[in-house]
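Right, one structure below, let's go through it.
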Amino acid sequence: HPREQVQLLAKKQVLQEALQALQVALCSQAKLQAQRELLQAKLEQLGPGEPPPVLLLQDDRHSTSSSEQEREGGRTPTLEILKSHISGIFRPKFSLPPPLQLVPEVQKPLHEQLWYHGALPRAEVAELLTHSGDFLVRESQGKQEYVLSVLWDGQPRHFIIQSADNLYRPEGDGFASIPLLVDHLLRSQQPLTKKSGIVLNRAVPKDKWVLNHEDLVLGEQIGRGNFGEVFSGRLRADNTLVAVKSCRETLPPDIKAKFLQEAKILKQYSHPNIVRLIGVCTQKQPIYIVMELVQGGDFLTFLRTEGARLRMKTLLQMVGDAAAGMEYLESKCCIHRDLAARNCLVTEKNVLKISDFGMSREEADGVYAASGGLRLVPVKWTAPEALNYGRYSSESDVWSFGILLWETFSLGASPYPNLSNQQTREFVEKGGRLPCPELCPDAVFRLMEQCWAYEPGQRPSFSAFYQELQSIRKRHR
């Protein structure tokens, strides 16, 4: 069971962290015991008699100039001398090593260079290069080659970095590493090629969201998506639990670019009912999208396994969470295009978060025109205008929200269970709609019917839905 699997994994990781903390404590205890034994041995060397009248010092670094002590025969050593004598017991036998020397930037490996963007899709390069001479280095899609991309005369230009005999060059002299090559081109202002006359001016640093693969510790597989497997994991730096979406290396470049679309959308968002992006790993293959680990699993499975035990108020709170998240996306002109219970996640405290932004798009006018057929379109959740004309908008997301409401109050049932996708389209075009679930409040079913208005303009906004659901929930106290 995915929900139980994720919870079990979290408990395993907490146990591992506790065991590590115990090991550290045991090491500290052993160290203190060794110090105690050493101190005891020193005391035994002094014997049972009275302390000596003076401490024999090996040098004159400590002040003994107190005239009063001299007059008393030096029988009362100063506190500083006693401290020095005791601390000598624990003085390290070896001097500290010299401070580490900083590695010059040009000598750092390629993946540590700020201007190296890894498996960045070619289509995204133009968005990063803004001024003539701006450049970055990336991995060629589908090939084991490196590309130097630079903006010149208003157009991004792409140069394969030739590699032969362990030397790198666009043309002419070779260098032992790509960082050395880039450093030379920047310092000398030598053109990349004689024919192009292009010179490098400013390195474009990688996105702050970029993580190294080494920053992650992968755990067990917890799911599978359209692009590859989904794993649990943690950040090596602070043990933050994460979900890691992977992209199969065998997929063509255009599909890999679509995989990263989800991260591109989520970079801009911060909302308690939207799953949080932590970073992307694009420095090498396979590409990863790293997100917060929502430990309750997906909403559809949650409804089917836990729904019968939930109070109506809890169900209303959860669909209210969905409306709040979608209201936020609506304000950002973001069209989700795949809103469904399977694409929402549930925290351990039953907070719902909108997830799976792989089909999402941001459009300034709030309308997205899709092409390419219906192969990946979730027909039973999709509005008629999107199916018929490829026209997606927040209004088409509202239609899908109505199906999500129906899934919620039918406790995870499948919509149009006895109809194929084509039969569903014909049924809806003729005015057919899903019936009211047995446990659904009448006020909520009226909201569903508003979601399923055939004309997009007749459907309410998510803001209106959120307010109405809050009002309904208050009446169910």
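Glycine is treated like the rest: Cβ placed from N, Cα and C.
As given in Swiss-Prot:
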ACT_SITE  Asp338  active site, proton acceptor
BINDING   Ile222, Gly223, Arg224, Gly225, Asn226, Phe227, Gly228, Glu229, Val230, Lys245  ATP binding site
COMPBIAS  58-74  compositional bias 'Basic and acidic residues'
DOMAIN    115-204  domain 'SH2'
DOMAIN    216-477  domain 'Protein kinase'
MOD_RES   Tyr368  phosphotyrosine
REGION    49-76  region 'Disordered'
(request) Compare the C-alpha of Asp338 (active site, proton acceptor) with the C-alpha of each of the binding-site residues Arg224, Asn226, Gly228, and give the closest one. (result) Asn226
(message) I need the most crowded of these binding-site residues: Arg224, Val230. Count other C-beta atoms within 10 angstroms of each C-beta and give me the top one.
(response) Val230
(message) Summarise the domain 'SH2' (115-204) as counts of helix, strand and coil residues per DSSP.
(response) 18 helix, 29 strand, 43 coil
(request) Determine, from DSSP, whether Arg224 (ATP binding site) sits in helix, strand or coil. (result) strand
(request) Specify all same-chain residues, apart from the site residues Ile222, Gly223, Arg224, Gly225, Asn226, Phe227, Gly228, Glu229, Val230, Lys245, whose Cβ lies within 8 angstroms of the center of the Cβ atoms of the ATP site, ordered by sequence. (result) Ser246
(message) So if I draw a 10 Å sphere around the Cβ of Asp338 (active site, proton acceptor), how many other Cβ atoms end up inside it?
(response) 20
(message) Under a three-state reading of DSSP, tell me whether Val230 (ATP binding site) is helix, strand or coil.
(response) strand
(message) Counting across all protein chains present, how many other Cβ atoms fall within 10 Å of the Cβ of Gly228 (ATP binding site)?
(response) 18
(message) Let me spell it out: for each of the binding-site residues (Ile222, Asn226), count the other Cβ atoms within 10 Å of that residue's Cβ, using every protein chain shown. Which one has the most?
(response) Ile222
